[in-house]
Amino acid sequence: MKDEFGREIRSFRLSITPECNLKCFYCHREGRTEENGKLMSPDEIGKIVSASLEFGVRKIKISGGEPLVRKDLPKIIQNIKNDQIKDISLTTNGILLEKCAEDLKKAGLNRVNVSLDTLNPKKYKEITGGDVEKVKRGIEKAIFLGLTPLKVNFLAMDITLNDLSEVMDYCKKVGAILQIIEFIPVDPNLKHHHIDITPIEEEIAKKSEKVVTRKFMQNRKKYILDGLEIEFVRPMDNTEFCGHCTRIRLTYDGFLKPCLLRDDNLVDVVTPLRNEESIRSYFIKCIKNREPFCKAE
C-alpha cells in the first residue's frame with residue numbers, strides 16, 4: 001500500500017522497550033517523550049507484525065531503548081519470523097551482544113546494527129556511561145556467528161568527529177559496514193553538538209573507488225573506500241530522506257508512528273488488539289497519516 005504521497009510501505013521499525021543500560025546524553029528515544037505505557041508481549045508484537053504484511057512490510061527493524069535488555073527478545077523474534085519477512089535486523093548499543101548473539105541467531109535474527117561513536121574508552125564512558133571493550137567483543141562475536149552484514153552506527157557530532165578515522169579503520173579490520181549518522185538535536189540545549197556532515201560525505205566521495213545509489217533507502221549513496229562500505233544517514237532537513245521514506249514505526253507501548261520526527265499523529269493499535277478487534281483499519285489510518293516531514297519546495 002502507498003501513502004498519499006506515493007511512498008510504499010516496506011519496513012516496520014519496532015521499539016520494544018524504553019529501557020536502556022546506557023545513559024547516552026544525546027538519545028532521541030525514538031521520538032517518544034513519555035514513559036508511562038505497558039510493554040507489548042511477544043504474542044502481541046507478533047500479531048501486529050503479521051497484520052502489517054498485507055500493507056507491504058517485508059523488513060523488520062527491532063530497536064528500543066536497548067532491545068537486548070528484554071529477556072524475551074528471542075521469543076519476540078520467533079513470533080515475528082515469517083516466510084514473507086525478508087529481513088529481521090536489530091539496533092543495539094552492543095553492551096549485551098556478546099552474551100546474547102548466539103540465542104538471537106538461533107531465534108531467526110538476520111543481522112545487527114551497533115552504535116559506536118568512539119573507540120576511546122574514556123570518551124566512550126563519558127558519552128554513554130559504558131565499556132567500549134564490551135561493544136567491540138559483541139561486534140566481533142556477531143560477525144563470527146554470521147549476523148551480517150553488520151553495520152556500525154557512528155553518530156557524527158562535534159565531540160566525535162576526531163574519532164571517525166579510527167572507527168573507519170576498525171570497521172575495515174572486522175568487516176563491518178560504517179553508517180555515518182547526522183545528529184538530531186531533539187533537545188535544543190544540544191544543538192551546539194550538531195555538525196553538517198556534507199563536507200565529510202564530499203571528501204569520502206572524492207576518494208571512493210565506487211558509488212552506488214540505493215533506490216529503496218531514500219536514494220542513499222553507498223561509498224566503497226579501500227574495501228570499506230560507508231553510508232550516510234541525514235534525516236535533518238532532508239527532502240530525499242523524507243520523500244523516499246518507506247518505514248512506519250511501532251512504539252514500545254503499542255502506537256503506530258507514521259514519522260520519526262513527529263509525535264502528534266500516533267495511532268493506538270494495541271488497545272483494539274487487546275479488545276480482540278481487527279487492527280487492519282488502524283494500519284490504514286497510520287498510512288493515511290504519513291506525510292514527508294521535510295517537503296521539497
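Cβ atoms are placed via backbone N, Cα and C, with glycine included.
What Swiss-Prot says about this protein:
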type: DOMAIN; residues: 4-220; note: domain 'Radical SAM core'
type: BINDING; residues: ARG13, LYS61, THR91, LYS151, ARG247, ILE248, ARG249; note: GTP binding site
type: BINDING; residues: CYS20, CYS24, CYS27; note: [4Fe-4S] cluster 1 binding site
type: BINDING; residues: TYR26, GLY65, SER115; note: S-adenosyl-L-methionine binding site
type: BINDING; residues: CYS242, CYS245, CYS259; note: [4Fe-4S] cluster 2 binding site
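Considering only the binding-site residues CYS20, CYS24, CYS27, CYS242, CYS245, the residues lying within 10 A of GLY65 (S-adenosyl-L-methionine binding site) on a C-alpha to C-alpha basis are CYS20, CYS27. Secondary structure at CYS242 ([4Fe-4S] cluster 2 binding site), taken from DSSP and collapsed to helix, strand or coil, is helix. Ranking the binding-site residues CYS20, CYS27, CYS242, ILE248, CYS259 by C-beta neighbours within 10 Å puts ILE248 at the top.
The Cβ of TYR26 (S-adenosyl-L-methionine binding site) lies under 8 Å from the Cβ of ILE127, LEU155, MET157, PHE183, PRO185, LEU190, HIS193, each of these being in the same chain and 6 or more residues away along the sequence. A strand conformation is recorded for LYS151 (GTP binding site) in the three-state DSSP classification. According to DSSP, CYS259 ([4Fe-4S] cluster 2 binding site) is assigned to coil rather than to any helix or strand. The GTP-binding residues named in the record, ARG13, LYS61, THR91, LYS151, ARG247, ILE248, ARG249, extend over a maximum Cα to Cα distance of 21 Å.
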